[in-house]
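Everything on this sheet refers to the single structure shown next.
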Amino acid sequence: MIWNTRNATYMFTVPDFPILEKQNWLIHLHYIRKDYEACKAIIKEQLQETQGLCEYAIYVQALIFRLEGNIQESLELFQTCAILNPQCADNLKQVARSLFLLGKHKAATEVYNEAAKLNQKDWEICHNLGVCYIYLKQFNKAQDQLHNALQLNRHDLTYTMLGKIHLLEGDLDKAIEIYKKAVEFSPENTELLTTLGLLYLQLGVYQKAFEHLGNALTYDPTNYKAILAAGSMMQTHGDFDVALTKYRVVACAVPESPPLWNNIGMCFFGKKKYVAAISCLKRANYLAPFDWKILYNLGLVHLTMQQYASAFHFLSAAINFQPKMGELYMLLAVALTNLEDTENAKRAYAEAVRLDKCNPLVNLNYAVLLYNQGEKKDALAQYQEMEKKVNFLKDNSSLEFDPEMVEMAQKLGAALQVGEALVWTKPVKDPKSKHRISSTGRPAGFQQPLGSNQALGQAMSSAVAYRKLPSGVGGTSQLTKPPSLPLEPEPIVETSEQTREK
């Protein structure tokens, strides 16, 4: 028996063992050098000499198969390793990993649980179990496993997955707390900083969003997600030229990003360059034909340009992908009204009213259409419903309503002979005020639109084509914000209906 100085183990001098050790070393050497062809040649020779019973050679062969995309073959080889050495947790972990990659998440959890019995202090097993439970939508079990993984060993990836669970559950506050802990643990991780900045951006906390996005760009000036988010913030506040400068940098890194071209299009929309806006939005639509937000924006631009047939086309497509959004039906009704299809416009408004319980603009536009059609009783009912929503918003927030919306409501109230519409007061124009009611009845800052456009509502009133109101009772009720795309879909964490802009 001799002492092997390479691996500090005793090795018998039986001829086959030193040869086997040398070949395993060569396999390992070629594998870490990524010389897979040479590695496979040695593995083949090794397996012939050992009659297919060399565990290490089979293990590395399985790893190579997985790298080459042959997941099923790798699974079979890892299962062979587990049979040869059933007490090795690493073999079971690799079997579970292959099952996970094949989409067999339930089977993967069973194997990971078997591996956990052999090694209860392995953070990787707990982490991967948590990920499997996420795919199985068993979020409570996933959180338990991910917390166990953090107790064993803190990793950025575990924090990220835990935050994604809260995002999937719609709990932004808990997600932010997790990402804050992650940033404290890893303050130079640009992905974590960018994600945290985007979450603050969703909540309208611009100062903290700017701080974290700025830190991300400090560590990685080429981080296109952070640049895109920073451009979105500038765009939200009307700095379209500065935002376009940021987007120019992003275009060099990801020239085929749908959110990028969507945001660029809405920048041009804000600058009232409608042809350029449509061109960019159609490019975004080409890159992401099933994204309802892009279709929404295309419909909005065409409405503004009074191209009602095109607007109807894109808004109908958006409704197919987002059938429970009342605002889309309202805009569709606007297009139908201008196409002189009054009956279908009424149906669209009725659906919008049914789906949207907080936006007074829906009821106002519907009331205008009904009044123009001589249906004063129904128009009054919609007007009173609008007043209820306005009262609720005034009681729960201190927001300034859009002046044009207020003016239109006052004129319609006078036409319907409901007095001075006590819930409405003429807003005092304060240049410092930044809060207005958006199309969803929430503060404009609550959403993160693709572009904060002051010219968004030129075609938003169903009274545009039918000026039948008495003298002085005419106008347009407008949307102040378009929907926009979230910053790069996630995973997960997809997360996107809450943020409309990247």
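Cβ atoms here come from the backbone N, Cα and C positions, even for glycine.
Unlike curated records, TrEMBL annotations are generated automatically.
Summarising the annotation, TrEMBL assigns region 'Disordered' to 429-452 (among others).
Among the features that TrEMBL reports, region 'Disordered' is placed at 470-502 (among others).
Sequence annotations record features per position, and here TrEMBL assigns repeat 'TPR' to 156-189 (among others).
Counting residues of the repeat 'TPR' (190-223) by DSSP class, helix then strand then coil, yields 28 helix, 0 strand, 6 coil. The annotation repeat 'TPR' is assigned in TrEMBL to 190-223 (among others).
Residues belonging to the repeat 'TPR' (292-325) score a mean pLDDT of 94 in the model. Per TrEMBL, the feature repeat 'TPR' maps to 292-325 (among others).
Look at the repeat 'TPR' (156-189): DSSP puts its residues at 27 helix, 0 strand, 7 coil.
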